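Per TrEMBL, the features are:
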- 1-18: signal peptide (SIGNAL)
- 77-96: transmembrane segment (TRANSMEM)
- 131-153: transmembrane segment (TRANSMEM)
- 174-198: transmembrane segment (TRANSMEM)
- 204-223: transmembrane segment (TRANSMEM)
- 249-270: transmembrane segment (TRANSMEM)
- 282-302: transmembrane segment (TRANSMEM)
- 314-332: transmembrane segment (TRANSMEM)
- 344-364: transmembrane segment (TRANSMEM)
- 376-396: transmembrane segment (TRANSMEM)
- 408-430: transmembrane segment (TRANSMEM)
């Protein structure tokens, strides 16, 4: 597994670099990219946001391994993951309203504090302390994915008065560098685990200075902004009305809940599948992220004016790839007949599919869900998503250790078949809807780059 992991990492990284270099050469410079004031503002945002993302990714490869290192059983580890998911959904429901009321800058600083405390709890062997750490991690995740974006959009529009059309450029670049940071974080996690002498807790200790620096920079360089006009109850009620009144929204939410709940379970399962075979977890994680980056690059190429594939087609392809990969995993994880290389390839295919799925889903959500209702609708999407993931992990908790992983992949396969049926249903509903298509390259508006 050691040689396979390093070889896959090198091949995937080279493929990503090749695709991105060719895309950059073909891409003409835009007006936003040459505006000095805009670039300075972007830099102020990126230096804080990227530190926060780097700290988050640095912890990902060794979370399961850490709990295993503390001699917890797989069922106990599953409960820790369920606690994290439950706190993410609970805090995620109120995060937007909390951030608007408390202040976006204060919320970003609060994120750095709560996530640092979460990392510190990983130094304890006490199960209750680790449960509290998972709850803090859920709060921190909710703040990470609400406070930073809300702060940027308000500053972009209200304080600096930049054109709204420039906002996608900032988040497209952030999405690309988020993938790059994830790749680098996996390698860094592998390095600090080997060199610091602390074992699998090392990446969590190394993340604390990054979080402290992010909080300090936000405190020193950012202005504060608020939005105390929105009520959480009105946001959720409007989102529910939109969800129930538009079949497209309901089907899209079903696909998201089914697909992403399977991805959450995959995040839990990959370590116990590969670690017993001597896989370098940090390099494996970097390979996953490189595969996801490759998928995102392929999405941009496929939807370009040259190839002109539609996001609906790529969403369908992503779901099909995951269905195929999960069927592979049901065979490669059979007790007594494990094939770690085959499992690793299946995991890479799942990450490649994620690279296609997330920009496709983002495009379709923007087109289907009214902008004023997006926050409320997304809150309702998150509830079944995390509920399915929690139920899946609890099923694994009650399963026999030797067959539980294979059974879980079998269940995930069935869930993804349901997601595929929902995709077919969405195709049926929107097949004549030109709004959900990337316009043909004849001078018509083109889909924003993701």
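Every residue, even glycine, has its Cβ placed from backbone N, Cα and C.
Automatic prediction, not curation, is the source of TrEMBL annotations.
Counting residues 6+ beyond its ends, the transmembrane segment (204-223) has Cβ neighbours under 8 Å at 44, 47-49, 51-52, 54-56, 58-59, 62, 66, 105, 108-109, 111-113, 115-116, 119-120, 122-123, 151, 155, 159, 188-189, 192, 196, 198 in the same chain. Within the chain carrying the signal peptide (1-18), a Cβ under 8 angstroms from the stretch's Cβ atoms is held by residues 183, 274, 277-280, 283-284, 286-287, 290-291, 293-294, 297, 340-341, 344, 348, all 6 or more beyond its ends. Beyond its flanks by at least six residues, the transmembrane segment (408-430) meets 247-248, 251-252, 254-255, 258-259, 261-262, 265-266, 269, 312, 315-316, 319-320, 322-323, 326-327, 329-330, 333, 388, 392, 395-396, 399, 436 of its own chain at Cβ-Cβ distances under 8 Å.
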